[in-house]
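See structure below.
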Amino acid sequence: MKINSKIITNLFCLLYFLWGTFTLLYQAVNIPFLVSRTFNNIFNILIINGLVICYFLLLQDLDFKLSIIAFFGVLVVVFLSVIPAEYQVGLGIILFTSSMFIVVGGNINFNSILKTFIWFSSIILCFTIIFNKFGIIADGVTMDLLSIRTRRSLGFKYYSYPAHIIFYLIGAVVVYRGKKITYFELLVLEIANTWIYLQTDTRTSFLLSSFLIGYALIKKIFHCKKGLIKFKAMRVIYSFSFLISFLLICIISFRLSSARFVTLNKLFSGRLSLNAGNFSRYGLALFGRNITFNTSDPNFYNYIDSAYLQILLIDGIVFFIVMMIMLTYATIKITNEGNDNLAMVLFIISIFAMFDPQLIWAWYSPFCLLMGMCISLKSKKNRMILSTSE
């Protein structure tokens, strides 16, 4: 007996809600978590089993007819996700589960995914800040070890976490609401964005979020349905935004003159020198390597913030190439369908990923699930629906 596609979507969204809520609590909120690593592993295994059931139901709806591209694509993604998972103790199984959400999510209505993300990220963000204000949850790290700025974490383990959450939350709301978004909603988003910036002093996410809100506001005021996507040059940029951003971060990290590098390195709080230093120290490997970053000792601080460079170094060249192919496939398809809001959000995320690591962390961002379009089951009935309130 075939299962209604709505039931499959609801099951997927339930799994995403439970996993996203738990993982944000486990990874981001500054609470003395009583859950052991064993429980975390068991929970993720249960979620993975649920996703396998979702995929089985999707296959059943197609009478188990699977395209060659989808079959080998899923095998490649699973294989490449298992290898680096071994390098990242505690985080490995979470990243593997994130990859499984990408595999299955490529067949799920994207509006449903966005709605689910908006719910669980809003709940975690709001309640963590409220409990922090009442003294129930303490601040985490409040000193930027690179620039020596005192910053509040608002109940999260690190000062940048609330800014990262609201960055992706704003992107999700803008895409989900589309042309139906109200002036009041845009005002609330900007107030929340500004308030979190004043508390955390996290500039990149604040500036990019403000730009996106401003873009949505201009489109609404002037009734610009198509937006920038109507320009050929912008369509090219949209289509290859992740590749362009990767090349840019490589240029400013490895190819600038000494004088320009020093200037930009200071502007980015020393992060460019960490990029260059880690690549010089570890080098590249086809399937990645085990690297332990130090983020607790200011005298020996070592971390790569760039998602592109971190994935390339830890997960390896092969994983990185496959990821870029999947991302570029998604951006080209979205651009060709004329979805300006979604294309703009992905363009902004591609810039954000130059300096922050959450690009393919599905508990932070629902947009990485768009990578699953590349290996979807290709059924008109089941494939990821990109139509929003554009």
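Even glycines carry a Cβ here, placed using N, Cα and C.
Here the structure is a predicted model, which means the values were calculated and not measured.
Annotation comment: TrEMBL describes 7-29, 41-59, 66-83, 89-110, 117-138, 158-176, 236-256, 307-327, 339-355 as transmembrane segment.
Long-range contacts of the transmembrane segment (158-176) within its own chain (CB-CB distance under 8 A, at least 6 residues past either end) are made by residues 24, 28, 111, 114-115, 117-118, 121-122, 124-125, 128-129, 140-142, 144, 151-152, 185, 189, 192-193, 196-197, 199-202, 205-206, 208-209, 212-213, 216, 341-342, 345, 348-349, 352, 356, 358, 364-367, 388-389. Of the candidate ranges 41-59, 117-138, 339-355, 41-59 has the most C-beta pairs within less than 8 angstroms of the transmembrane segment (89-110). Between the transmembrane segment (339-355) and the stretches 7-29, 66-83, 117-138, 236-256, 307-327, it is 236-256 that has the most C-beta pairs under 8 angstroms. If you look at the transmembrane segment (236-256), the same-chain residues 6 or more away from its ends with a CB under 8 A from one of its CBs are 229, 264, 272, 275-276, 279, 306, 308-309, 324, 327-328, 331-332, 334-335, 343-344, 346-347, 350-351, 353-355. Below 8 angstroms of C-beta separation, residues 35, 40, 43-44, 47, 50-51, 53-54, 57-58, 61, 91, 94, 97, 101, 104-105, 108-109, 112-113, 115-117, 119-121, 123-124, 128, 137, 155-158, 161, 165, 362-364, 382 of the same chain, each at least six residues beyond the ends of the transmembrane segment (7-29), sit close to that stretch.
Taking Cβ pairs closer than 8 Å, the transmembrane segment (117-138) reaches residues 16-17, 20-21, 24-25, 28-31, 154-156, 162, 165-166, 168-169, 172-173, 176, 366 in its own chain, all 6 or more past its ends.
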